[in-house]
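J.: Not my notes, these are from Swiss-Prot:
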BINDING   G233, G235, K236, T237  ATP binding site
COMPBIAS  169-181  compositional bias 'Low complexity'
REGION    1-71  region 'Domain I, interacts with DnaA modulators'
REGION    71-188  region 'Domain II'
REGION    162-182  region 'Disordered'
REGION    189-405  region 'Domain III, AAA+ region'
REGION    406-525  region 'Domain IV, binds dsDNA'
Amino acid sequence: MNDFWQHCSALLERELTPQQYVTWIKPLAPVAFDASANTLSIAAPNRFKLDWVKSQFSGRISDLAREFWNTPIEVQFVLDPKAGMRSAAASAAPAAPRAPLTPGGPAATVAAIAANLTANAAAAPSAPADVPMTPSAAAAHHLNADDADIDLPSLPAHEAAAGRRTWRPGPGAAPANGGEADSMYERSKLNPVLTFDNFVTGKANQLARAAAIQVADNPGISYNPLFLYGGVGLGKTHLIHAIGNQLLLDKAGARIRYIHAEQYVSDVVKAYQRKAFDDFKRYYHSLDLLLIDDIQFFSGKSRTQEEFFYAFEALVANKAQVIITSDTYPKEISGIDDRLISRFDSGLTVAIEPPELEMRVAILMRKAQSEGVNLSEDVAFFVAKHLRSNVRELEGALRKILAYSKFHGREISIELTKEALKDLLTVQNRQISVENIQKTVADFYNIKVADMYSKKRPANIARPRQIAMYLAKELTQKSLPEIGELFGGRDHTTVLHAVRKIADERSKDAQLNHELHVLEQTLKG
């Protein structure tokens, strides 16, 4: 059994990207093999990993097991028995004060974390020494901040003085009165409308949503930090607000803060101007959950990055959860310090892709329903087919349709929709051409554009050509025969094969998915 798993792991390590292997395969362990029943049991450390590995890798592991034993093997995925023991220990553990972790040290057990959550307070760690900023550097980082105070929601006086944390398990319900709820939302800057319940899920965001729920259920334990990246309007901000809102319901008194990266930069500038870094650090280092949006705005701002690094280290050491969003993969954010990039990579990084057709339809139907409008599926499909980039664009188009319908006193139909979105559809149709896709893909994979039309079949040419066909089908209104004609007169079945092949591989191969994401963002400008 162990020999097989070493063999299997070695093969999968070669087949998968390092991130895929470390995230999904390395944590697995074989726990039982029944030769008489031809069954192999493999344990996963938590339910989230178990479900994902079962859905994404069970087929490949079963194939490798069959090849190894020369007979069909039923591979069963089970929850690590030690996880159950840890969970039981957590429920029985007495309350204990927090024990800060050293950065990079071993992860705390579930029992220790559960005990920490019951502690009423613990001293926050002292921040590393501040590095002075030269006047010229300060001027370079100045953001025309106004004279308002630093945007730090007020803390109770005794907590502010002691830098104490007050995360206590709550009754799983909202605050008892509206005033208290308003105060909580004012301090946290959360949008109470953005919840898991009204987040539309599809293939493009299912992993991100699953990870977000896991973090909301086990803050500071499961994935820290959680880093979500993707283009504008794909739901990153919705998801992180949903995590914060869920935590407010589950844990009364949790100290939560949502902040856009630009506001954080502004806070750093004002703290420097007023020599108020002690207050700044006391506030940010004492949070239980920090949600920071669009961290790419930290690019080139060295003092902000330095302060955020200190805050990050203090929060993670105290088992507080950090969640970050960006418009691109961490290592591709320019102007960010390497030590911050390495901290981002230490947790779980998940992409949110543009929504697929069915998801776009569901978003439109859900949004129309919330507006009290009965939108037909025909209209929803028409809009979803023509607008592909992001959720925000879809919602904007729907608002335009509703306003046009109301103004003209006509029922919503495909004809009315075409009229209402005339300008938008014209822009969309001329934005991306098959020729542009071919050139962009050829440049990306370092081949000639002429190779897109040629009959050459080496892998280094055939693969980019298939990717270009897939993108042509996804990003233009061309039919399969039309796309085939533009790729050297190929038959539509060749295009269909390429589209299906790349779509299937995209769902399994993180590296390919990332490359397609980059190409799509490049083509959409």
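Cβ from N, Cα, C; glycine included.
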J.: What is the total of other Cβ atoms whose distance to the Cβ of K236 (ATP binding site) is within 10 Å?
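T.: The answer is 25.
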J.: Across the region 'Domain IV, binds dsDNA' (406-525), what does the pLDDT come to on average, as a whole number?
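T.: Here the predicted model's pLDDT, averaged over the region 'Domain IV, binds dsDNA' (406-525), is 87.
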J.: Tally every other Cβ atom lying within 10 Å of the Cβ atom of G233 (ATP binding site).
T.: 18
J.: Please report the number of other Cβ atoms within 10 Å of the Cβ of G235 (ATP binding site).
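T.: G235 (ATP binding site): 26 neighbouring Cβ atoms within 10 Å.
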J.: Applying the rule Cβ within 8 Å of the centroid of the Cβ atoms of G233, G235, K236, T237, what extra residues of the same chain belong around the ATP site?
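T.: Other same-chain residues near the ATP site: G230, V232, L234, H238, L239, T325, I352, N390, V391, R392.
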J.: Using DSSP with the three-state reduction, classify G235 (ATP binding site) as helix, strand or coil.
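T.: G235 (ATP binding site) sits in coil per DSSP, no helix or strand.
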J.: Do any residues at least six apart in sequence from T237 (ATP binding site), in the same chain, have a Cβ closer than 8 Å to its Cβ, and if so which, in order?
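T.: Counting only residues 6 or more apart in sequence, the Cβ neighbours of T237 (ATP binding site) under 8 Å are L194, D293, T325.
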